[in-house]
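Feature annotation from TrEMBL assigns domain 'EamA' to 2-132, 146-276. What TrEMBL records for 30-49, 61-79, 86-109, 115-135, 147-166, 172-193, 205-224, 230-250 is transmembrane segment.
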Amino acid sequence: MEIILALCAAAVYGVADYSGGRASRSVSPIVVTAIGQGCGLIVLLVIVLASGVPTPPATDWFWGGIGGIAGASGLLAFYKAMGSGFMTVVAPVSAVTATAVPVIVGLSLGERPSVLSLCGIPVALVAIALVSDILGPNHRRAPRKILLMSIGAGSVFGSLFVILGHTSDNSGLWPVLAMRVTSVPFMFMVMYFTKNKPSAARPQMKYVAGSGILDTAANAIYLLAVRHGLMSIVATINSFYPASTLMLAVGLDKEKIHKPQAVGLVLAGVALIMITVS
């Protein structure tokens, strides 16, 4: 079950990242993050209240609150980097970094995947990088600032995955709601003090709203996945999200798949088999 959920989370994260990146080409990443997460909060609030799950203890609100600030900060850096036009650079660097953090934490906390699964993790890391075209021409031209922003965003995302893994199993989606209750006011304050106007999102509203709603959905799916399996394994599979970003870039933006990306897709399948059959 956790493998299927992690794959679903990866697919949704990829679509959310593509939407946010597209919107950030012409709209400030601050506006994209603030308005997008606001849309996600509205949808999530309805779902959580309808679920009937009791309000969780204060510790879940605490972890959710920290995750909200971390997630918003990471998305801000990620969308700004994605909006620079170096999608095929930002995606692999942030994805590999985001994978490394929970894997290291999970193993240090005593998680012990099978030998085959452990061997599959580095294969997956290579696959993620190749799928995202780390060997492509755009990667060599990427400014140092973009690379640093990508590493920073990935580190924050990885920390967010660890934080969600610390919430209680019976708290439902309340921790994700706590994230949005914290991140939305935070981002609106940032938007206010940087003198960005919400109306700027109007021309790209479908991408802005889509990025926030889908990112919220992906967080919720990941939370369910990590409750069913090892964080080191779930986080690795979850980080296959650049594959769906790539598919959208090819289908909608007419980008071409390079040979390293094709190899990466094959390796991703191999890594997935290594992780799941053990």
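Glycine is no exception: its Cβ is also placed from the backbone N, Cα and C atoms.
A TrEMBL annotation is a machine prediction, not a hand-curated record.
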Please tell me whether the transmembrane segment (147-166) and the transmembrane segment (230-250) touch - that is, whether there are at least 3 C-beta pairs under 8 Å between them, with each pair 6 or more apart in sequence.
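Touching, yes - the transmembrane segment (147-166) and the transmembrane segment (230-250) meet the threshold of 3 or more Cβ pairs under 8 Å.
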At a threshold of under 8 Å on Cβ distances, which of 86-109, 115-135, 172-193, 230-250 pairs most often with the transmembrane segment (205-224)?
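Checked against 86-109, 115-135, 172-193, 230-250; highest Cβ contact count belongs to 172-193.
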Three or more CB pairs closer than 8 Å, sequence separation of 6 or more: does that hold for the transmembrane segment (172-193) against the transmembrane segment (30-49)?
yes
As a test: from 61-79, 86-109, 230-250, pick the stretch that has the greatest number of Cβ pairs under 8 Å with the transmembrane segment (115-135).
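The stretch with the most contacts is 86-109.
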List the helix, strand and coil residue totals of the domain 'EamA' (2-132) as derived from DSSP.
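Computed counts for the domain 'EamA' (2-132) are 109 helix, 0 strand, 22 coil.
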